[in-house]
Structure formats: C-alpha cells, structure tokens
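K.L.:
This is the structure I want to talk about, given as structure tokens.
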Amino acid sequence: MNSNKMTINLALFGMTQSGKSSAGNIILGSTDFHSSFAPCSVTRDCSLGRSCHFRSFMRRGGQEVTLQVQVLDTPGYPHSRLSKKHVRQEVREALAHHFGQEGLHLALLVQRADVPLCGQEESSPVQMIQELLGHTWMNYTAILFTHAEKIEEAGFNEDEYLREASETLLKLLNSIQHRYIFQYKKGNSLSEQRLKILERIIEFVKENCYQVLTFK
C-alpha cells in the first residue's frame, strides 16, 4: 500500500427523492449515478462510483496525500417498487462486495433539509443503517442535508434550523456526535459544493482516526 495515497469509502442511505444520487455525483465530480425528479424511486440497484485522484488535497503524518473517494449509491428506503427485504439484502451484499476488506469509512444519511425528520420516517433508513452496520453504526454515520438553500429561503441560519429541529432529528444527531453536512446548491458552483462536503467528510474520518467498518 502506498502511504502517499488514500481511498475514502462512503455509502449513501436515505429515503426516495432525498437527493442521494445527486449528492453522490457532487462528491465524485461526475455523473456516475442516474438522478432525476420522479414521483417514484429512481435508483433500483447499488452502484459504486470512483472519483479522480485529488493531489495535495490533504496531509497525513506530515506528508501530502493523494486522495480518491469511492461512493456506494443505494436504492431509496423504503422503495416505491422494491420490498424492504430486497433492498436490505441488495445493500448488504454490495457492502460486503465493495467494502468487505477495505472497509467503510462513513455512511451518509441523506436527508432533505426541507422535509422534517419524524419518528415513523426516521425508522426506515436509520433502521437499515443500524441493521447493516451493526452496534457501532453511530461511530460511522453522518447526516448530509440536501436542499440546504431552503433553510436560508425560510429565514433561518444553520444553528437556528437545528435548534428548531424535531426531537427525532436531535436525538439522532446526539447519537452520531453531531456529524452533519449542509449541501447548498444556490450560489455555489459544483466544485465549491464538492470541496466543502469533502472537507467535512475528511474531518469526520480524521476524528475517527481513519478507522473503518468491515463486512463479511
């Protein structure tokens, strides 16, 4: 293994039309994942995308590191066409296939900022994360809020938004040590969005001492 190169492995989870595939494309700087508005679930299968190599993006042990990001996109959960059992099995197999040995650095729960996270809704994607990642899931999970520009349009800033959040969301944030990222589209180029998201992801991975979750 080349100590001057590093691969960060991510998996995206979330409800249908939460913006998972679009967020994955922004992180990768590509159009690997099909993303579109639809009245039903768009993603039916798990898919792995890889970014180009980022040179001198970060330092580790005093040396510059070339970074590559791998992102696993997963079907929405619950899905409009597939059973919960089918989706869980599909994702379980994909995690084992792609990250079985290399390990997963971070699971991103993709949540629309303009859709309140309530108890019944929270039970689905979060429940799947808990089941598939195991009892240490909270150490490897962060929330990615998409459509964050809606917060500003409503007259809130990020802190005010979180203070007014549902009890369900606040409990979830507490359990994952307040790891969250806001994704803005309005007024930001794709490269700016990507850079800000990647910087936060690297921050979380560093705080976790670069540990990974492996799958058998």
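Glycine too: its Cβ is placed from the backbone N, Cα and C atoms.
According to Swiss-Prot, the record shows the following:
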BINDING   GLY14, MET15, THR16, GLN17, SER18, GLY19, LYS20, SER21, SER22, SER35, HIS147, ALA148, GLU149  GTP binding site
DOMAIN    5-216  domain 'AIG1-type G'
K.L.:
If you count CB neighbours within 10 Å, which one among the binding-site residues LYS20, HIS147 has the smallest count?
P.N.:
HIS147
K.L.:
When a 10 Å sphere is centred on the Cβ of SER18 (GTP binding site), how many other Cβ atoms does it contain?
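P.N.:
Taking all protein chains shown, SER18 (GTP binding site) has 23 Cβ neighbours within 10 Å.
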K.L.:
Test of understanding: give the count of other CB atoms lying within 10 angstroms of the CB of SER22 (GTP binding site).
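P.N.:
Excluding its own Cβ, SER22 (GTP binding site) sees 22 Cβ atoms within 10 Å.
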K.L.:
Averaged over the domain 'AIG1-type G' (5-216), what pLDDT does the prediction give?
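P.N.:
Average per-residue pLDDT within the domain 'AIG1-type G' (5-216): 88.
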K.L.:
Pick out which of the binding-site residues GLY14, THR16, GLU149 has the most other Cβ atoms within 10 Å of its own Cβ.
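P.N.:
Answer by Cβ density within 10 Å: GLY14.
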